[in-house]
């Protein structure tokens, strides 16, 4: 029997909800068994309540129905619990007990204990579906506004200008989608100044043309929104969103934010949200479009043209970097650029920066060095120096260079021109101490005559006067325009010449006043002077350095008796030529002394030779230069110098007889020609 009861119950549970039904206790109308617990789940269609009534009730009576009972539950809550015997109070009705619930589900539970002293027949009950007024029968109304009941259900409706949400219960206001595009206007909450609707979300947008920002102006008294709760949360709120900026949420009585809001954007979204509770009068504000301003600086270290108090959309300025700063784009640098105030309030080309000019590493100079500056940016300082003691700065004050605004290293005197280290002239590394004449004089070191040049063919001498110029006698080079020369060696033995520097002539310049004649018949040595430009500069050092040129003042006119130095590898009283350098001191002599000497050729007297003011007579008996010394320097001390310094007063030219007096070309008379020739031919010749 229990199996049959269970199957019938499962079949009843799985059945569709019915409008009515019967419930009987086990074995009804016979006595119900002991130790029974049975339940019935009643369900009627949605939209209906349940009316449950008993027509027979005969259950063991106990206090609080503790032994046997029939219990009625709805939604987990007990609606009633019955036991004992009951009869109808109305003679015209068989109903002894009834229950009515507004829900469509109900549970009936019958329980009996282990023994009954009497025979109890249980209960008979019936249920029917009854209409429920959902609008009034519940504590909370299911609709936010209007509730409409019908048999088996209800529906919600809304006032005019409201719409029903998707949940079909709550009403809201259709306040989204409005777009304001005028440059000035007013926006208000729905129904303002009457209470705004509940359960609403209003989305408005102000969209102005590019280049204008939306400026919101609010009065405090025009704002009244449900205030924040104890946790600071706004149940109803107003929010402004412009780009990635958010202003708000705002709520309360009186606007709590700034009364003027500059959004920096031409688009402003307005979001107003409300819940179902308290409603206030809402809000209103005015707005206007203001040209979007750009900041008053595009980049640092610059100035602007034109200068204005405020820059707005479409304004164009020229940005010029301050002195010492530049704009670097790739590998190209410039000092100015143009920038336009854009619609987003930002300057075009705002990524360009005026950076300090970088002059780069200072260029090296020949025969000198430059300090490595700490950095090479604008304002940095570096210093040049020359290789001492053989070179010095050609221009005093040209040592210090500063990184200038144009990106060049600049000196106050030379500008961007690099300093020049020129050879120190006239100072031998070892002073000459001998007193002997060269004709049979003493062996000396090249360090005492570092300007001495050896001409290999014809065997002769010359004087180094600059790193690329040799001064010699015209008769030395008139027959050989490509002479082979050496400097820096005391010995002219072929194997020893390698210790010095070989010089290559690039071009020979003979004085235009020199008359070319057969050497054996020559009687006129006037203007016996020539210049040789070297192909490559000579490196100076202790054995190689130039001799100074004479000045143009009268101090450089040698007086009779003044001593000078001569050097060379020419003939001596015992040898036709020597291989080791010899040097001597000899005095300046009156010119008539040279004219009185008889020559080695008895057929030609000295009276037939030409004597001019371009010649110096020097030497004496046993004190003279000779064959092989031609072109060498007759060196004298520079006047008024504390440190001994030598200049080339004369060049070995000719003499009637070796070992007596000799004739020297007076170099002072040719200074203009020398300097002019050197200046005009400073650049390498082009073949």
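Including glycine, each Cβ sits where the backbone N, Cα and C put it.
Under the heading active site, charge relay system, Swiss-Prot lists 475 (among others), citing similarity to another entry as support. Secondary structure at residue 475 (active site, charge relay system), as computed by DSSP, is helix. Contacts of residue 475 (active site, charge relay system) defined by a Cβ separation under 8 A and a same-chain sequence distance of 6+ are given as 519, 522, 525, 528, 630, 653, 654, in order along the sequence.
As annotated by Swiss-Prot, active site, charge relay system applies to 528 (among others). Cβ contacts within 10 Å of residue 528 (active site, charge relay system), excluding its own Cβ and spanning all protein chains shown: 29.
Cβ neighbours within 10 Å of residue 630 (active site, charge relay system), excluding its own Cβ and spanning all shown chains: 26. Residues or ranges marked as active site, charge relay system in Swiss-Prot (evidence: similarity to another entry): 630 (among others).
The annotation domain 'CUB 1' is assigned in Swiss-Prot to 16-130 on the grounds of sequence analysis.
Cβ atoms under 8 Å from those of the domain 'EGF-like' (131-172) belong to residues 45-49, 102, 190, 197-201, 276 of the same chain, restricted to positions at least 6 beyond its ends. The feature domain 'EGF-like' is assigned by Swiss-Prot to 131-172.
If you look up Swiss-Prot, you'll see 175-290 marked as domain 'CUB 2', on the strength of sequence analysis.
Sequence annotations record features per position, and here Swiss-Prot assigns domain 'Sushi 1' to 292-356 based on sequence analysis. Residue counts for the domain 'Sushi 1' (292-356) under DSSP, split into helix (H, G, I), strand (E, B) and coil, are 0 helix, 32 strand, 33 coil.
What Swiss-Prot lists as domain 'Sushi 2' is 357-423, and the listing cites sequence analysis.
Look at Swiss-Prot and you will find 438-679 tagged as domain 'Peptidase S1', backed by sequence analysis.
Under a cutoff of 8 A between CB atoms, and with a sequence separation of 6+ in the same chain, the neighbours of residue 149 ((3R)-3-hydroxyasparagine) are 133, 134, 135, 136. Summarising the annotation, Swiss-Prot assigns (3R)-3-hydroxyasparagine to 149.
Residues or ranges marked as signal peptide in Swiss-Prot: 1-15.
Counting C-beta pairs under 8 angstroms (sequence separation of 6 or more), the domain 'Sushi 2' (357-423) reaches the domain 'Peptidase S1' (438-679) with 3 or more such pairs. Per DSSP, the secondary structure of the domain 'CUB 1' (16-130) breaks down as 3 helix, 60 strand, 52 coil.
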